[in-house]
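Participant: I am attaching a structure below and will ask some questions about it afterwards.
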Amino acid sequence: MNHLKTAILLAGLTALFMAVGFAIGGRGGMMIAFVVASATNLFSYWNSDKMVLRMYGAREVDETTAPDFVRMVHELARRADLPPPRVFIMDNPQPNAFATGRNPQNAAVAATTGLLQSLSPEEVAGVMAHELAHIKHYDTLTMTMTATIAGAISMLANFGLLFGGGNRNNNNPFGAIGTILMVILAPLAAMLVQMAISRSREYEADRGGAEILGRPMALASALAKISGAAHEVPNYEAESNPATAHMFIINPLSGARMDNLFSTHPAVENRIAALRALSQQMGGGGFAPGPAPAVRPPGGNPWGVDPGGGQRRGPWG
């Protein structure tokens, strides 16, 4: 079912991409846009995860550089019957995280330094379990490819604003006014297509993550903390690339932008209420939680590398 939803979502975005091409260059522009969209879909399938990780400056860590954090993620993956994903850390003060990858065999999870330094070990485990649930449901393929294609739609629309104006002619059937309208509406439409699926998937990942960890309220507590900080601590990379906002566990946009009017995430209060209800249903049961990793005093470098180049152990190993 998730593969069908992914196909429908990508078809919708491809059609939108072609519509922008038609607005800019008529039938010729539409055909070029179709070729570009098809190539983008193919390229995104194989490379979108690498692009997003590079976009956020994520660094891969292992059991040498961040042993506690990596072992925790691998233990959660074992409980979820998933192969261990690659683990990345982003040098960003905003507490947040996302997962990416075309399938569980090629998946990765990424957390910010802000998340590792401001949340308790149980809360971090709840966040990582949520991301692993996305991987298990194959949400990461849809989220990452959607981010790439939606970004391409915005770029094409901006191109149309710069070069697609002028008088109405065969190459530009809508003229300057039509092109401007398309520039405004196309990115918004792309965001609406993203919203069609991503909100329900967040609830499913919350539930799946809570079941993996066995502690729904650990995730609920993490959501409350991350949500509060996301409005106070800016994520400049996300502000520059709002098409990737739906990938994060909490919307990373500050709220000062128009993008936030079309949030890809359900209200945090509703997510917490659903987790609280799940906790009552589980009655303290669910999967038996493993021991949370010991956290060291805050202020260290989660990568375990000091400015002088020597190795030292940070709060996550």
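Even glycines carry a Cβ here, placed using N, Cα and C.
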Participant: Considering the Zn(2+) binding residues His130, His134 given in Swiss-Prot, which of Glu60, Glu63, Glu202, Glu232 is annotated for that site as well?
Facilitator: Glu202
Participant: Would you mind listing, in sequence order, the residues at least six apart from His130 (Zn(2+) binding site) in the same chain with a Cβ closer than 8 Å to its Cβ?
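Facilitator: Expected: Ala205, Asp206, Gly208, Gly209, Leu219, Ile249.
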Participant: Near the transmembrane segment (28-48), which residues from the same chain, at least 6 beyond its ends, have a CB less than 8 A from one of its CBs?
Facilitator: 10, 13-14, 17-22, 100, 102, 141, 144-145, 147-149, 152, 156, 171
Participant: Determine, from DSSP, whether His134 (Zn(2+) binding site) sits in helix, strand or coil.
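Facilitator: Assignment for His134 (Zn(2+) binding site) reads helix.
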Participant: Excluding His130, His134, Glu202, which residues of the same chain place their Cβ within 8 Å of the centroid of the Cβ atoms of the recorded Zn(2+) site?
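Facilitator: So the extra residues in range turn out to be Ala99, Glu131, Ala133, Asp139, Arg201, Glu204, Ala205, Asp206, Gly208, Gly209, Ile249.
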